[in-house]
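Got a structure here, written out as structure tokens. Questions coming.
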Amino acid sequence: MKTSIRYALLAAALTAATPALADITVYNGQHKEAAQAVADAFTRATGIKVKLNSAKGDQLAGQIKEEGSRSPADVFYSEQIPALATLSAANLLEPLPASTINETRGKGVPVAAKKDWVALSGRSRVVVYDTRKLSEKDLEKSVLNYATPKWKNRIGYAPTSGAFLEQVVAIVKLKGEAAALKWLKGLKEYGKPYAKNSVALQAVENGEIDAALINNYYWHAFAREKGVQNVHTRLNFVRHRDPGALVTYSGAAVLKSSQNKDEAKKFVAFLASKEGQRALTAVRAEYPLNPHVVSTFNLEPIAKLEAPQVSATTVSEKEHATRLLEQAGMK
């Protein structure tokens with residue numbers, strides 16, 4: 001009996017000496033379904049619970065800046081890199097271990113100058129088109145050519161999309177400011193704006209317009225749900241290092257103000273790991289950046305996209321693109 005009591009007391013002492021893992025709060029600007037899938041996988045692997053506070057990335061970045069050191073967030077998970085760059089410029093992010101950053105480092109993948117955020121997945125800008133009206137040979141070799149009278153009331157776009165804004169940045173970098181403004185004014189005059197990429201896709205599927213500029217994963221999700229044989233649309237990849245072939249990136253960071261930095265860093269490391277990337281790409285047709293992971297969706301190989309090696313990674317680039325949208329009358 002005495003021996004049993006000693007073992008019980010020893011077990012209790014060891015339990016008390018082991019610090020409990022803290023739950024973490026993630027400000028989530030990524031699509032909620034994807035973030036929830038990764039959060040659930042992380043909790044199963046570590047026992048650490050994750051609370052998601054989901055909203056648009058720009059909105060959350062602004063909220064974090066306003067909250068400052070009082071922010072309850074431990075991690076910021078963003079669908080776009082510019083939102084992370086905003087917080088990095090404000091010195092609100094914690095440096096990450098090289099082991100985490102190196103998990104997804106690759107050709108063309110943006111890297112934080114301060115090593116305080118990590119890129120996690122990519123999405124390709126594409127042209128979705130109605131196969132009842134068009135074939136591949138009818139489509140343009142450059143995204144710039146869709147902002148012309150030929151495509152009047154035939155081409156759709158989502159000007160409030162973060163990826164659309166990043167595409168403007170790419171045009172500025174590759175073709176110059178004048179070309180970017182001309183493109184925006186052309187789309188404004190000849191194209192049809194939609195509130196979301198998914199709405200633009202549905203407009204093409206319904207035959208309302210002939211084509212639209214969207215991100216690849218909207219079509220892949222739609223085709224998986226309906227069955228690819230049952231949809232009237234297909235994707236066209238512009239290639240040729242054109243701005244229309246742009247790949248945009250999601251990423252994550254740990255906040256300096258976090259009271260649970262160890263757990264937060266474990267979560268970001270998990271996002272970049274094979275296990276985390278598999279959880280993400282099982283539910284969403286984004287390109288995993290960890291080279292050891294292959295998507296469950298039938299994606300065009302990222303090496304064949306011939307994407308331009310540019311990305312929006314600074315606050316000033318994003319602000320410049322926003323001003324161009326204003327000049328074109330889109331905002």
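Quick reminder: no glycine exception, Cβ is built from N, Cα and C everywhere.
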Please identify which of HIS31, HIS240, HIS292 is recorded by Swiss-Prot as part of the Fe cation site containing GLU79, TYR217, TYR218.
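So, going by the record in Swiss-Prot, that would be HIS31.
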Please list, in sequence order, every residue of the chain apart from HIS31, GLU79, TYR217, TYR218 whose Cβ lies within 8 Å of the Cβ centroid of the Fe cation site.
ALA34, ARG123, ASN197, ASN215, ALA221, ARG284, GLU286
